[in-house]
Amino acid sequence: MANSLYQKHIISIAELSRAELELIVKTAGQLKAQPNPELIKHKVVASCFFEPSTRTRLSFETAIQRIGGSVIGFDNGGNTSLAKKGETLADSVRVISSYVDAFVMRHPQEGAARLASEFSNGIPVINAGDGSNQHPSQTLLDLYSIFETQGRLDNLDVAFVGDLKYGRTVHSLAQALAKFDNNRFYFVAPEALAMPDYICEELDEAGVKYQVFSDMESVIPELDILYMTRVQKERFDESEYAHIKSAYILTAAHLSDARSNLKVLHPLPRVDEITTDVDKTPHAYYFEQVENGVYAREALLALVLNESL
């Protein structure tokens, strides 16, 4: 019997069930413990990045090769002949999908991954980020990192700090964790960057408890996971940014009363919202989180391309 992810488009984290999320996390752990370079042998995966990327692209391409696949593609779509000749995205997808077994794509346009899935001739499309919309593989590595450090995905106290309005990673992670039981969220952000109403409405409908705070110091002792994000300078004038930035910088001193199991996560790149003295604490986990991205993407690719898993 094929797993439910076999040949499935991975466009939005909301379209994955709790059971599918658990299967990906479990498979990532198995591949971390016991690498398997034969899982997608003879499969070719397109890695098509229509906007520049470093971490996501390298992570996907490493994952593909570690489980036996081959990669074709590009990392700056604006410089390809596709763009220079004015080919539509739909036609580009039709052409590229005729060469490959799966299609990993990042695109600056919201909804581009959904569009690609409609023109890929049945080839599964994996969304590696479409504008400010979705970035499901980041959420998968976040879930795996949480499970690795906490041993569970339920009964967690999780704070999201910084830019909660525009940060697609926090939207998707909140949606994913809402599928699990008895998780409690703390939203810490300036009013101008608060979690969007539609996310809060989804959480209300799901019965998920959450609280809103303007500073993080008071919530840190309550947490299992502290998920930091960058407050983007371009959203504020200079004086307002200086004030807001200083309120959302995590230092080692902030962690003095933290639970022993607390882990600090960050989708990276960080700028100055986590000081380097945090790196030396046992709570820092953001660089291990990056490594976990390879295992999570190995698991995702293996399940999408291997019927027997």
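For all residues, glycine too, the Cβ spot is worked out from N, Cα and C.
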Of the candidates ARG18, ARG94, ARG106, ARG114, the one that Swiss-Prot places in the carbamoyl phosphate site of ARG55, THR56, HIS135, GLN138, LEU268, PRO269: ARG106
Lowest local Cβ density (other Cβ within 10 Å) among binding-site residues: THR56, GLN138: THR56
Cα-Cα distance linking ARG168 (L-aspartate binding site) and THR56 (carbamoyl phosphate binding site), given in Å to the nearest integer: 14
Rounded Cα-Cα span from ARG55 (carbamoyl phosphate binding site) to ARG168 (L-aspartate binding site), Å: 16
Longest CA-CA distance among ARG55, THR56, ARG106, HIS135, GLN138, LEU268, PRO269, per record bound to carbamoyl phosphate, angstrom: 17
Sorted by sequence, non-ARG55, THR56, ARG106, HIS135, GLN138, LEU268, PRO269 residues with Cβ within 8 Å of centre, carbamoyl phosphate: SER53, THR54, SER59, GLY129, PRO267
Length of the line joining the Cα atoms of PRO269 (carbamoyl phosphate binding site) and ARG230 (L-aspartate binding site), in Å: 8
